[in-house]
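Taking it in order: structure first as structure tokens, then the write-up.
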Amino acid sequence: MHRRSSGSSPDADDAEDSLASRSSEPSHGCELPEKPLPEIARTGTSIDLRRDTNGKSTPRSRNSSTWRTLSSATTTWASHDPPRYPAVMITPQRLAIEASPDSPHRSRLARLRSPWSCSILTALTTILACVFLFSIVRSFSALQTGSDGCGVPVMSPTFLRMVGFDTEHTRFASKYNLFLYREEGVDPYNHENLGLNGAPVLFLPGNAGSYRQVRSLAAEASRHYAQVVQHDQERLRAGTRSLDFFMIDFNEDMAAFHGQTLLDQAEYVNEAVAYILSLYHDPRRTRRDADLPDPSSVILIGHSMGGIVARTALTMANYQENSVNTIITMSAPHAKAPVSFDSDIVHTYKQINDYWREAYSQTWANNNPLWHVTLISIAGGSRDTVVPSDYASISSLVPETHGFTVFTSTMPDVWIGVDHLSITWCDQFRKAIIKSLFDVVDVRRASQTKPRAERMRIFKKWYLTGLESVSERMLTRNEPSTLVTLEDHTNTILAQGQRLVLRELGHRTGPNVHLLPVPPQGVSGKKFTLLTDQRLDRTGEQGSLEVLFCSVFPLHNGKASSVFALNMDSSDSSGSTRLACKNAAVDEIHLPASTRTSRNAYDRARPFSYLQYDLEDLAEHQFVAVVDKARVPMKGWAIAEFSDSSDALIKARIGLGGLLSAGLKVRLPANRPMLTEVRIPALYSSLLDYKLRVVRHHQAGDPRELFAPLLRQSIADPHESKFFVNVDKVNVNLHGLAPYMPPPLRQTSQNGVSFQLWTDPTCDSTVDITLTVDIVSSLGELVMRYRTVFAAFPLLVVSLTLRKQFQVYDETGFFITFAEGLDSALRSSMPALLLAMSLLASSLATSTKLPTGDDPFHWATNSTETPIDFTKNDLLLGSQDAFFWFLVPLFGLICVGVCVLLNYVALIVLQILSVVYGLWNSKSGYIRRDEKGYLPVFPAPSPRRRMIKMGVLLVLVSTAIPYQFAYLVACIVQLATCVRAQWHAKETRSTAHYNFANYAYSVFILMLWVLPINILVLLVWAHNLVVHWFMPFSSHHNVLSIMPFIILVETMTTGSMIPRVTTRFKHVTSVLLFCIAVYSAVYGVSYAYISHHLVNILAGWLVSIYFFRSGFSLHRFWKIVEGDETPSTPESGSHMKKKP
């Protein structure tokens, strides 16, 4: 193997510079140069620029006698030179310029030395990318937020620090703190007695969150107990007590970015739970009844990453069994880590989720450590722009018997989407949370809560609309409480199938009973619905409207009528019919009021009351009694009917392609039921938004209309419902099938989106429903679902660009600019790779799982269940729908534009810094232009000094600082190298200097795109220093993760240009860069942290190329260590150029 020397003189660079500014002259004879040119031209015409005796540069063609002599001499020298480095063939840093005969030399040099150049293709690509990027950002900011209707809470907070929770209880006492909340003027307490009287609740703040965020929830708990619960003796006897809110101050730690921090917080939570429970054993600190058991468990409420910390605590070794049985999380990313830049956070998430899945996969409850735990995940919806609400889903972790996911827009009397922070203080939301907690508390039990099944029923009642298929009806569990006696002249019995319409109430004195006969059983698809603007009375209440489900009460059944709580009997006739009735208010569903003046579902107006039962739920009843109890005439209405599913349910048989091309239009007939449901199975993706319009074909403001149309948009998993009052035009977006989400534990049929429309059936008019895809609004959905793509895909672009630069350099000796390399990649490898990735995305989405019988390892799994691959959606787009294959080239296009923009921003910064550097460097007075081509571009310290600096940095990485800090230092050093290289290239205008400047700049751009992967962990480390927590990370001290970067950057500080590789080993560089590009596209979103290690391997390969050139040996290494080898100094004959 032969290594080509870099022997071109600095005069050749001057000749090249003059060639860039003058036209080429014809070749002519001249004297032989003092030193032969050691490069053999391979293709085209090679121009040998040498100074003659007069000092003038003269171009010489290959056909001249001088060239033939040089070529022969050089070939002879190469043939007798023994191979020194068998691994790679190293070529010189400075070469004769090779160009095709028809290419102007001036253009070639201009392209070589102008990093600002931009081809038409690159310009058009950038403009198109900017248009798409602007449209996406504008759509996200303008169309994805919605209105803000949260009420402002009132509170008087006091935080008591638990000073007793010190280093005797936890090793984190100096970093974290535990507090108790007391509402000033409401909660009795003093320094000796904390006033602990109820069930303990522990609040966990989120990433960089404050413990003070709990004050709105805790204040509502104190006030609601003092104003309502404390005066309800029945609830007090049932075990309801106050809620003692504790909270942890995590010192605004950032658990979302660092897995070890997450584990530390979980460990502290378990220690805090043990300490809280111990407080209730001390009678001096509590005001509890002596006959009540001491608490053995704590309710956990976590916001954002605090919810993940709560789940993690149950997997830790210091967790006390059954010390936690209820967890409520708000905007917590359960399904997937919010960012994948840290390996620890990705691995920790996997371990936590695997533990929960394994626990709930157990057949027997005794084998499930989480059997008594209920987990409720609450998401804010599209207003949350910090954590994608799709990640709040727990369907892949917990079965429906132990938890569910719900959105705030679903919760009764809340009906509003909230952002990431307002979910902790929104007035409507906090009241629903606190009321549900008071319902599940039972201090008569050591667990302080009701049994798991009862807790789940209560949470469904408070958090779900009641219209879901999983909602339970309590009517069948109740006993008859009202005896109704029928009289012919005071009661109305409607015919079978007739609709009851009450337009006013209170026209008769005394209760007016309206009876609807229940259809006979066996009629499929029958449903009872009732809607009214009045609140439904419970038994014994003196309101205006009561709904009863009745069965005939026999005259002689041995049961006295006195056992009923209420006896509606206005007749003394012994032959009158009597009905034993159950009150239906227990199943009352609140719907937002929809009138002609309504604007939003969350308006502060009295909600509508709604009842809905399937015919099977009414099997033991014969009549539905609607009792008008108003004593005086009053405004109020009610509509009740039995309807057929064939009339009330419309299933749209249309695909996504049909929606995109023509949309969907449904006309509801005039004789429709009050409730009509339009179900569209094709609508399941969270990446598409829609426009829906409801048009009523009757005169606006019709006085006969009892209420304006009310629309509910819903999906079953997760439980997301949105209500639209006085509906006309609606922007529809949903959180259905989302990218990168793991599959659910139990596969269910995909029913898509359901639209339920309540309209006044008495208006006798048709209604048109039109649905179309909203392309502009859909662009905004890409931000939250694919925001990490914009950190991964640019690495693909940069890798392919650098790959093209190295290919050209190894072939020609010119290291082209980043802009030229990007343009070349756009014309060659990049479109092919994006096309291949598009085909891969389509195939991944359409691939199906092999049947169990075809699986060679089927014997190792449960024969009755197919194992679920929870990582199958981690690749590429993470989409289960092949329709979105076009997102790959779209993201590629946008990232090309982003890389071009960043390139020019970096060039501007370098230009400014190089000017500053030039002004500072002008004090030295001269610029040295070395005569030997392989000397450094600019002076550098001795090898021994460089090795000492690298050694110190590596020792610090292995002991005190994370390698991410060393990477940041390397980026800064590389930036300084680029500044110096660019200034020297402009001053000397030599090809070698331009080569090195382009090479150093491209490496800097590559490192710059890897920097975001490391910067988040670095922020965690810096935060720990700020809070005086100096314990080093147990991870991120792997020296091998940073050593190649340090050596490469330190080597480049000497100005050494990387040698050319002309053997087959040049393909190693190409393959490594291509692998980085492919990995960035396929795994870059889900496992971004590995990109750092891949680029680290590339840096190691580049370092090895340097070593092969310098003839690395142990002997020379020891000479450097001992200080015997010093850097080369310029010869006395060096050309010196005086600075202006």
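Counting starts with 1 at the first residue shown.
Keep in mind that glycine also has a Cβ here, set from the backbone N, Cα and C atoms.
Source: prediction; values computed, not measured.
As given in Swiss-Prot:
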type: ACT_SITE; residues: Ser304; note: active site
type: COMPBIAS; residues: 55-78; note: compositional bias 'Polar residues'
type: CARBOHYD; residues: Asn63; note: N-linked glycosylation site
type: CARBOHYD; residues: Asn862; note: N-linked glycosylation site
type: REGION; residues: 1-84; note: region 'Disordered'
type: TRANSMEM; residues: 117-137; note: transmembrane segment
type: TRANSMEM; residues: 782-802; note: transmembrane segment
type: TRANSMEM; residues: 882-902; note: transmembrane segment
type: TRANSMEM; residues: 905-925; note: transmembrane segment
type: TRANSMEM; residues: 952-972; note: transmembrane segment
type: TRANSMEM; residues: 1002-1022; note: transmembrane segment
type: TRANSMEM; residues: 1039-1059; note: transmembrane segment
type: TRANSMEM; residues: 1070-1090; note: transmembrane segment
type: TRANSMEM; residues: 1094-1114; note: transmembrane segment
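Every protein chain shown contributes to the tally, and the Cβ of the residue listed as 'active site' ends up with 30 other Cβ atoms within 10 Å. Of the ranges 782-802, 882-902, 905-925, 1039-1059, the one with the most Cβ pairs under 8 Å to the transmembrane segment (1070-1090) is 782-802. Between the transmembrane segment (1039-1059) and the transmembrane segment (905-925), the number of CB pairs under 8 angstroms, six or more residues apart, is fewer than three, so the stretches are not in contact. The stretches the transmembrane segment (1002-1022) and the transmembrane segment (782-802) are in mutual contact, each linked to the other by at least three Cβ pairs under 8 Å (pairs 6 or more apart in sequence). Distant neighbours of the transmembrane segment (952-972): 1004, 1007-1008, 1010-1011, 1014-1015, 1017-1018, 1021, 1032-1033, 1036-1039, 1041-1043, 1045-1046, 1049, 1092; these residues of the same chain sit at least 6 beyond its ends, with a Cβ under 8 Å from one of its Cβ atoms. When secondary structure is read from DSSP and collapsed to three states, the residue listed as 'active site' falls in the coil class.
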